[in-house]
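These notes are about the structure you will find just below.
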Amino acid sequence: MTVKTEAAKGTLTYSRMRGMVAILIAFMKQRRMGLNDFIQKIANNSYACKHPEVQSILKISQPQEPELMNANPSPPPSPSQQINLGPSSNPHAKPSDFHFLKVIGKGSFGKVLLARHKAEEVFYAVKVLQKKAILKKKEEKHIMSERNVLLKNVKHPFLVGLHFSFQTADKLYFVLDYINGGELFYHLQRERCFLEPRARFYAAEIASALGYLHSLNIVYRDLKPENILLDSQGHIVLTDFGLCKENIEHNSTTSTFCGTPEYLAPEVLHKQPYDRTVDWWCLGAVLYEMLYGLPPFYSRNTAEMYDNILNKPLQLKPNITNSARHLLEGLLQKDRMKRLGAKDDFMEIKSHVFFSLINWDDLINKKITPPFNPNVSGPNDLRHFDPEFTEEPVPNSIGKSPDSILVTASVKEAAETFLGFSYAPPTDSFL
């Protein structure tokens, strides 16, 4: 017996129909194991995927926008384009491995949650991002860049470490070091400004982290108090690498307009090519804020603030030392070619007289006692997180794979876009 269908759909024989029925019966038996595994089996059967009945049952549909419609059927997907809705090949990396306890941060594409690994009894900060939101804003390159940068940061004491990353059909998960001493921004808000020794200590650890990134040809581009955390002992931890630019060598430049308004360097505002020295401008802006309570050139009117950054001379009040004044003048030099760090990068910062009291070997080995201790009692101590976050309920969807998700064209696009996102550490690392 042969059933004739449209020519474009091919010929459906009795044996092939039996094969499809067997797949559907298997689906019913495996329902409790989750839809994702079944979908993966279907997706690997290119003939079954093209059949209209299978498409109808699984809701695998083409985009409905008129400009995307194509009368000709698409060719079978290549192996690299197959729908991959499994969370990860790493057995440690799936949502159900965690107890998600509290929301501790929010961003443009998702939330950061305090989570405890069920088997390891270890606390992590898990950054959960919505694929749909990332694709809508066309930020997928920045997300993958953030993952790549995180993989390189594992061994630096002042950069947040990535333990593993994985994905479900609709979400990306970064499993990161849990840092609960609070954002530098939070502490600045409470105390308004810091005494110079404390500001020096933080600036030195920040500079060390930036210098390490530069040694990897990475420009950070978004240094600000919100991205600087304190760990439980009071050391700096730099986080959020979404705006990092890779492959920027010493004499290389880039031109993407990005950053946070208060901390943008003049060359970025001018939309001119810029280099690593944008990070030293930002360090100057953060140091200024630590000493004075507001960023340099600040105005509530953004246009006026931009004009100040471009044209207004730097004004320094007399309540800082000459070495601090000299450092700020060097870092906040409007001409990037004359800026401190333009010639020898981190070595210029490191050798500045303002840091003469810093033993850099002791600093990198955390042998210098921080000037402030957050005094957290343990992982569950959330006193340094904004209650706006911690009082928000944890979404139920965070901790499980979405068994009932429909495999639409957008899900297919997301699966293809983020192929290779999942990461598991070597067996002798972390887990």
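Backbone N, Cα and C atoms are what each Cβ position is placed from, and that goes for glycine too.
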Binding-site annotation, Swiss-Prot, ATP: partner of ILE104, GLY105, LYS106, GLY107, SER108, PHE109, GLY110, LYS111, VAL112 in LYS127, LYS131, LYS132: LYS127
Largest separation between Cα atoms (Å) of residues that the record links to ATP, namely ILE104, GLY105, LYS106, GLY107, SER108, PHE109, GLY110, LYS111, VAL112, LYS127: 14
Fewest-neighbour residue among recorded positions, criterion Cβ within 10 Å, set SER108, SER397: SER108
Integer Å distance between the CA atoms belonging to SER397 (phosphoserine) and VAL112 (ATP binding site): 14
All-chain count of other Cβ atoms within 10 Å of ILE104 (ATP binding site): 22
Those residues of the chain, 6+ apart, with a Cβ under 8 Å from that of LYS106 (ATP binding site): VAL112, PHE389
